[in-house]
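*Asks:* First, the structure itself, so that you have it in front of you.
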């Protein structure tokens, strides 16, 4: 039955996710938005976030229009249309999610007057909207475009190549959103901390800090819109890569191997919607426990639903239905492992963060040394978990089994993005409560919500990196199989005795480091400009510190918008240009080496940066909670320095490596006909 109705089931589930998002958005917007001061602050955050995203998308649209024409001329117009569709849907998911996030923040602050349960409901529903839109629009784009191409009577191979264009479009938006949003948010954060906390001695989110609105805007454009675009891209890319690999390696199953990942994605949406309903917290209850309960319910329901689907669609494949079901379970288990490992390295209740906090008591240098040590050590367990998952999935289902494990892992993206988007909402809610001078009992509710939000943001970055590594591996398998299919008389082995493969390997290994350096330097320049601007305002408007003059908040927002847009263009085009040059000049074997090199160093660098940055951040928060002398102590000052280094590590360079790895692989896949 599913072979006839599976595509419609996937489309129906995608529409259901979008309907859930719309209904939830209407519910969130209907909640009370507080007093006039709260609404004024929220309006400033909304205006800044909207202005930044509009400028960002305008810039991307120019680059996108050029690439659309080039893809159409050199490959096919079906691929070019897919490229445009992927870019538009990815941008839409981030834009709508961010617009809801900047409305949910003030409503969460107001709901905190009535207890933690109500505030949690508003914050999580606000995040769940972004999560469901990511998977809903992602699946609708892939399944919908595939259905249209099938309806036109095009051959399966041509349909799937057009879908690779969709993956490329979503990847382009993702790297721009991740990098641009990261430069904005961390330029604001570092600038606000250096002058506000260190020089002026005022607390975080103090309304006297001229960069405070820019800091709150940055939370939304980086952690909400940026993560939405990142996981939209990973989700779409993984499903498309699995469909393509199914058509190449399991041709004997007809269209079943192509349809299977779409149906898995569809039923996982239903599981995520049900799981979201279980996220409730009572006074005195565990906030993190409530969020994890939603994730566990979603995972268990998805695992139960996968069995009949696998039996129906894949019983006749060479591996057997039970083996492929085991691959899907491996993907779900890997999700849980990555979440747990990342929380261990970034949670304040565990040894790594406490070690960095303890090192802060002996100075700034020892804090940095301890943080770097944790960042390097934190790569071991996630990489071992990914390796074990690859080994297990290949044992049961070959390369297609690895692809199914990746698809199952990404099928949880709805719930995982909800956890991430919850973070900036609670962060902003605490900031609004502080700036609007709400009673201390409100901060007593927003602070623990925000503390959990910091952990969920770290956890989702770990998930995004782990899933990106699997997705990139599947794309590499697609590249090698496509290359062989296009040139059946050639044998393509990526032999380390071949000098071109070694050259490609080394250039590939270099790219994540070069890209990361560009991102870090961009944040440094942006933060430096913010520091100068905040110092200028304190100097020229002495009434700010006394509370008699209002800071010029819009100056920092405008400055960061211009800086982030200008700084993101060159690094974002690096993964598009380099594989084209290597592929056309050195050939397909060198290009294969390039892909492997990028996957390996990119995976380690991304984990190291995001986890290490999270440990620095939470070490500062651990001290602020009263340990090692608390706020204002020498240990606290050293921890602020560590957090200042960790901020661009975990929120700009590290996360932007995810889309970098996948874009290089997608560009290589598109280049196959030209090699």
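In case you wondered, yes, glycine gets a Cβ from its N, Cα and C as well.
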*Asks:* Which of these, 420, 427, 447, does Swiss-Prot list as part of the Mg(2+) 2 site with 216, 219?
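*Replies:* As annotated by Swiss-Prot, 216, 219 share the Mg(2+) 2 site with 427, chosen from 420, 427, 447.
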*Asks:* Considering the Ca(2+) binding residues 643, 647 given in Swiss-Prot, which of 558, 617 is annotated for that site as well?
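*Replies:* Of 558, 617, 617 joins 643, 647 in the Ca(2+) site that Swiss-Prot records.
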*Asks:* Could you measure between residue 189 (Mg(2+) 1 binding site) and residue 617 (Ca(2+) binding site) for me? Cα positions, answer in whole angstrom.
*Replies:* 12
*Asks:* Just checking, which of 178, 457, 662 (recorded sites) has the fewest C-beta atoms within 10 Å of its C-beta?
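*Replies:* Least crowded of the recorded sites 178, 457, 662, by Cβ count within 10 Å, is 457.
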*Asks:* Would you say the transmembrane segment (65-85) and the transmembrane segment (164-184) are in contact under the rule of three or more C-beta pairs closer than 8 Å, pairs 6 or more apart in sequence?
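*Replies:* Counting Cβ pairs under 8 Å (6 or more apart in sequence), the transmembrane segment (164-184) reaches the transmembrane segment (65-85), since there are 3 or more.
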*Asks:* Any chance you could find the range in 65-85, 258-278, 458-478 with the most Cβ pairs under 8 Å to the transmembrane segment (231-251)?
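*Replies:* Against the transmembrane segment (231-251), the leading stretch is 458-478.
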*Asks:* Which bits of the chain, at least 6 residues beyond where the transmembrane segment (129-149) starts or stops, bring a Cβ under 8 A of a Cβ in it?
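*Replies:* Same-chain contacts beyond the flanks: 7, 10-11, 13-18, 20-21, 24-25, 28, 78, 81-82, 85-86, 89-90, 92-93, 96-98, 100-101, 158-159, 162-163, 166, 170, 224, 228, 231-232, 235-236, 239-240, 243, 262, 265-266, 268-269, 272-273, 276, 411, 413-421.
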*Asks:* Which of the three DSSP-derived classes (helix, strand, coil) applies to residue 178 (site 'Important for ion transport')?
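*Replies:* Where residue 178 (site 'Important for ion transport') sits, the three-state DSSP reduction gives helix.
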*Asks:* When each of 5-25, 405-425, 655-675 is checked against the transmembrane segment (458-478) for Cβ pairs under 8 Å, which one has the most?
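*Replies:* If we count Cβ pairs closer than 8 Å to the transmembrane segment (458-478), 655-675 scores highest.
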*Asks:* Around residue 643 (Ca(2+) binding site), how many other CB atoms lie within 10 A of its CB?
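*Replies:* Excluding its own Cβ, the number within 10 Å is 26.
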*Asks:* By the DSSP assignment reduced to helix, strand and coil, which category contains residue 647 (Ca(2+) binding site)?
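*Replies:* Once the DSSP labels are grouped into three classes, residue 647 (Ca(2+) binding site) ends up as helix.
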